[in-house]
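Enquirer: The structure that follows is given in the form of structure tokens.
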């Protein structure tokens with residue numbers, strides 16, 4: 001009994017430690033005070049300021065557009081890479097898998113500087129191409145990590161069986177393999193969106209001039225300390241948190257229903 005109580009208390013303490021700052025941000029998005037810690041009464045004023053601010057709306061569009069494009073391309077590339085690794089010979093698959101995870105263990109600042117140098121050499125520095133490719137380099141390894149376990153759970157003979165029954169390689173891939181690993185693909189896509197939304201370092205080193213995402217805008221606003229839009233960012237952060245929670249719950253619910261259906 002004591003062990004159970006201690007386990008629950010420890011779990012609760014960890015959850016409070018992780019989520020208390022976010023919940024505080026959400027709470028203070030409902031007051032007009034410019035300073036967190038000072039409550040000026042319940043109000044939706046910050047949300048009104050947020051949706052009336054054309055600059056923030058443009059930056060939000062930039063962020064979502066970049067996240068969706070980078071996540072989609074990373075998911076296609078990462079899924080193809082994971083399938084290629086899975087069906088490779090063992091002596092080839094292991095080095096390929098290790099190489100695909102180098103960006104994960106590499107310091108992000110090193111990746112960002114390397115990308116900046118590469119794009120400078122090929123005269124593509126600070127373009128939309130460099131920005132999207134930078135986010136793909138960041139996200140693709142995590143898609144591989146999400147898809148490979150699903151491939152390993154799958155019966156590897158189903159692909160060959162489909163070919164023996166007259167399916168073309170493309171039909172066998174999209175009608176047999178992809179449906180079995182779809183939950184991993186979806187997880188990789190969602191993780192890529194989260195990574196792209198959250199990223200600052202790679203974005204700062206590869207973005208075009210006059211292009212900002214939420215992370216670069218918030219950093220510059222806090223650094224300069226003169227941006228009147230800063231309080232409205234509390235409302236924006238709260239909205240992003242709620243939307244991501246809803247999406248994650250929906251994805252998990254769908255995955256659970258699919259598992260129960262099997």
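Note: Cβ is positioned from N, Cα and C throughout, glycine not excepted.
Residues or ranges marked as domain 'ABC transmembrane type-1' by TrEMBL: 60-251. Residues annotated as transmembrane segment in TrEMBL: 7-30, 64-87, 107-125, 131-151, 172-193, 232-253.
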Enquirer: Can you say which of 7-30, 64-87, 131-151 has the most Cβ pairs under 8 Å with the transmembrane segment (232-253)?
Expert: 7-30
Enquirer: Do any residues of this chain, six or more beyond the ends of the transmembrane segment (7-30), have a C-beta under 8 angstroms from a C-beta of it, and if so which?
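Expert: Hits for the transmembrane segment (7-30): 36-37, 39, 42-44, 46-47, 234-235, 237-238, 241-242.
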